[in-house]
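Over in Swiss-Prot, the protein carries these features:
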SIGNAL    1-22  signal peptide
DISULFID  Cys28-Cys34  disulfide bond
REGION    45-75  region 'Disordered'
COMPBIAS  50-61  compositional bias 'Basic and acidic residues'
Amino acid sequence: MKTTLIAAAIVALSGLAAPALAYDGTKCKAAGNCWEPKPGFPEKIAGSKYDPKHDPKELNKQADSIKQMEERNKKRVENFKKTGKFEYDVAKISAN
């Protein structure tokens, strides 16, 4: 009885583990490099009709805003070191 119960448990557990061993259909070029284009799409997107052709000015907007943010933060820190009070509004800092 005990061996039958153990055998049934082993069969049940192996049945649960089987899907993990299933082949997922990818053909990896190297370990971890398993990307494949969907059927009907080109191997390379650049230059194809699916290329989004981003405007460089639009792409640089975030970098520019980060530079401006860092400049404002630098002014806030310099003002805090001078006065000992933190002022969020940079326009008020330049007036001092």
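Note that Cβ sites are derived from N, Cα and C of the backbone, with glycine treated the same way.
Around Cys34 (disulfide bond), a 10 Å sphere centred on its CB holds 12 further CB atoms from the protein chains shown. Long-range Cβ contacts of Cys28 (disulfide bond) within its own chain (separation 6+, distance under 8 Å): Cys34.
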